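Trainee: My questions will all concern the structure given below.
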Amino acid sequence: MKLRHILGAIQKADTDFGMIEDGDKIAVAFSGGKDSMLLFLALSIYQKYKTKHFSLCGIHVDVGFENFDHQPMIDFAEQYNLDLIIDQTRIYEILKKHPNPRGQIQCSLCSNLKKGDLFRAAKANGCNKVAFGHHGDDAVETLFMNMMYGSRIATFQPKQYMSRQQMDLIRPMIYLKEQDIIEACRKNHITGVRRVCPNDGFTRRQYIKEKLNAFYAENPEAHDNFISSLSNIDQIELWKSSAK
Ligand SMILES: Nc1ncnc2c1ncn2[C@@H]1O[C@H](COP(=O)(O)OP(=O)(O)OP(=O)(O)O)[C@@H](O)[C@H]1O
């Protein structure tokens, strides 16, 4: 997929969900992975369309993993003239002190701590919105995880007001599939930073991702249908017990 198509999908998400407004200062939540790298680059190009006037920076929350090499993300920001802030934290020390019963670090705790730090850093840098690199496949995986492990039918929102932080969280890539992002990154020679999280590849999300990909291999039409069903809210039919 070409960058032009990525920008088209971002523009559609922006129009459908009112994500970006004049005067916004948007912090891209920049993990250094392919999704947030592409998002950062795409939003910097979207900014040049001048249909909306907003400013942009990237914030990377440095969890403190040993062996994490920041240089590729610094080089990426320099190459495209992007304003990248690296926020040093001691999150990894906290995670090591609070492992799960199997002795692993807790993904949910890590995610909450990272988010807390991210919003604090965004606010300190004058931002009013934070953009995450989640895409359509992430949304479908979240839906299945919520059903499977939480007995509820729900996924994350394209745009969400975080009342405690008084800030909007936006996800401009929700209309894209992971494969679109992989192809666009390949075409534009974008390589994500090497991952060092010890849980990488062994999460519930990874398990669901693999099952869904196997399912799509046999039922290709399901892939688009799952993503489009997330906004088909007029067609939801669930059980309402009269005993409640
Ligand atoms: N350390 C971090 N600093 C800033 N933002 C982060 C960080 N980790 C994750 N995020 C944000 O959360 C989103 C989803 O997180 P996830 O753990 O799936 O990222 P990833 O797979 O490591 O990288 P990416 O999604 O960028 O390819 C990322 O796209 C990014 O916007």
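Just so you know, the numbers here start at 1 and follow the chain as drawn.
Heads up, the Cβ atoms here are built off N, Cα and C, so glycines get one too.
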Trainee: According to TrEMBL, Ala29, Phe30, Ser31, Asp35, Gly133, Asp138 bind ATP; which one of Val61, Val196 is listed for that same site?
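Mentor: Among the candidates, TrEMBL records only Val61 at this ATP site.
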Trainee: Assuming the binding residues for ATP are exactly those in the record, Ala29, Phe30, Ser31, Asp35, Val61, Gly133, Asp138, what is the maximum CA-CA distance in angstrom, rounded?
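Mentor: Comparing all Cα pairs, the maximum is 20 Å.
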